[in-house]
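> Below you'll find the structure I mean.
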Amino acid sequence: MAAIKDENNDHLVQSDNPEHPSNLIPALCRNFYSHGWVTGTGGGASIKRDNHIFIAPSGVQKELIQPHDIFVLQYPTPKYPPSARQYIRKPLELKPSACTPLFLAAFDRGAGCCIHTHSQWAVLVTLLVEREKGPEGCFEISNIEQIKGIPRGKGKGMLGFFDTLKIPIIENTAFEEDLTSSLEEAMEKYPDTYAVLVRRHGIYVWGDDVAKAKTQCESLDYLFQLAVEMHKLGLPWVKS
């Protein structure tokens, strides 16, 4: 049994440290489930530590994930084809996350953690933006205190109360991995963004580390919910 474990590099996901990625990912997923962000096996999370990428599996109840369920990739690794990705630790009978190439796109930009949720508020704002601005519109909001929880850009500090937060929106596809090119195009068009919305689907949020990715995700979800409620009251998202 020990030889099998060594062969599968199980030691990579075994740690008593609560800050180890294999322990953080299950904890994050339980937290996200309580918010309704990863309902019905949706969503995911990934953490980069040194030259390893730790990823939650696909198609499982995220609130039940355990450390031994975590995949580990060698980084850097090719996004495509999936067979070229260098997994150095694979749980038996579980599928790698379909979000993997999108997570890798965030890590290629220097992220330390990337989160994908199916937040209902995120989905709703993508529909409202489409109706009000058309398919090319992005989500914008200003003069809300919680905006201060979002970075202005890499190394540029945080947004201020009077700044306008802009989050690009891309169209959904039948298969998760097919979102990668659109996500990367949005990253190029909005180089200071730390999130990309996916219409009728959810959002990808990344940060320099786990804490920043988590708090940015929370701040954005707060802003999306607020935006939906503001829309009901006929209040503009961007103050004139």
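Cβ atoms are placed via backbone N, Cα and C, with glycine included.
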> Please pick, from His35, His52, His201, the residue that Swiss-Prot records in the Zn(2+) site together with His116, His118.
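Checking His35, His52, His201 against Swiss-Prot: the Zn(2+) site match is His201.
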> Based on DSSP, name the secondary structure state of His116 (Zn(2+) binding site): helix, strand or coil.
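Note: His116 (Zn(2+) binding site) is in a strand by DSSP.
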> What does the structure give for the C-alpha distance between His116 (Zn(2+) binding site) and Glu145 (active site, proton donor/acceptor)? Integer Å is fine.
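Spelling it out, the Cα of His116 (Zn(2+) binding site) and the Cα of Glu145 (active site, proton donor/acceptor) are 24 Å apart.
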> May I have the list of same-chain residues other than His116, His118, His201 whose Cβ is within 8 Å of the Cβ centroid of the recorded Zn(2+) site, in sequence order?
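Close Cβ neighbours, site residues excluded: Gly42, Gly43, Thr117, Ser119, Ala122, Val198, Gly202, Ile203, Tyr204.
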> Given the binding-site residues Cys99, His118, His201, state which is nearest to Glu145 (active site, proton donor/acceptor) when distance is taken between Cα atoms.
His118
